[in-house]
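Engineer: I'd like to ask you about the structure that follows.
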């Protein structure tokens, strides 16, 4: 018989019963359930953060970020040549001043991400130089060669994303480099049509709105413009995470890594801008190398953020595996039909069933011998 007045063996946890089931689990209050879930979420968050850090270190995230920064810096001029040069062919579809508006938007958006010296000494002169060449440079041999140079940064990101998910052996290295080039061209073509819509979107919507709503609508557009552009960039990065993988994951499972990458880069760029401003105020100068070094630091953190997001998605997949996408299931089914794995598996199952002795439940009851 149990003494009801006896002290519990663990007095520190009697206020939070276990969730293993039974009457104790049903008698939990809402506050107790919330406390248990908060502890469980905190424990899982710590485990996930540790796993992301270990995977990032094992995959040499610092070396890959440095390589990505180098190729991004080398690919800046080819990228702007491809985007702004190609924009000259479709700019007239959106308006006569489309290229100039896109140029101003690129420069103004760059001022929110990079330091003023990087924008004024590097990005703005490069943009004006590319626009000065005109769209005729797009049909030149130099532009075709710039596609290969511009896709080098994309190839670095694809290699890092694939390795983060341990899929580096599923695609041939030569085909992966060509795949990165095709992916770069696809994003280049998409940006040619998306950038005018992003740059001219507020003006076009303002023309469509009725006169009584125009002032309020433009204020709302100005307020949500940069958050909307940020969300668009997160969607683009999520698409990159999905397309880069050989064995893809559901799109919504990759959104978390893109969000982590965006938050990290915004925080890192803000810290870096403050640091560069402090260095300038203290009188420390790198001379003519100040602007390239600052731009390299920004691109380094950008590459670090993209790779960190891929490592986050891979760690989440390890802890909570996602079901294969429908496309992957269809591919697996077709592969099984072509190779005959499904028929072989069924034959093995039938053969095993025939050879296995019958169980006691399958054996019919035999009449007992009379004593």
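Note that Cβ sites are derived from N, Cα and C of the backbone, with glycine treated the same way.
Note that the coordinates shown come from a computational prediction; the quantities given were computed from them, not determined experimentally.
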Engineer: Tell me which of 100-125, 178-203 corresponds to the transmembrane segment entry in TrEMBL.
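Structural biologist: Transmembrane segment, as annotated by TrEMBL, spans 178-203.
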Engineer: Need the matching range: TrEMBL marks transmembrane segment on one of 253-272, 313-332, 333-352, and I'd like to know which.
Structural biologist: 253-272
Engineer: Hey, which bits of the same chain come close to the transmembrane segment (178-203), Cβ under 8 Å, at least six residues off its ends?
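Structural biologist: Same-chain residues near the transmembrane segment (178-203) but 6 or more away: 79, 82-83, 86-87, 90-91, 93-95, 98, 101-102, 104-106, 147-148, 150-151, 154-155, 157-159, 171, 218, 221-222, 225, 229, 232, 236, 240, 243-244.
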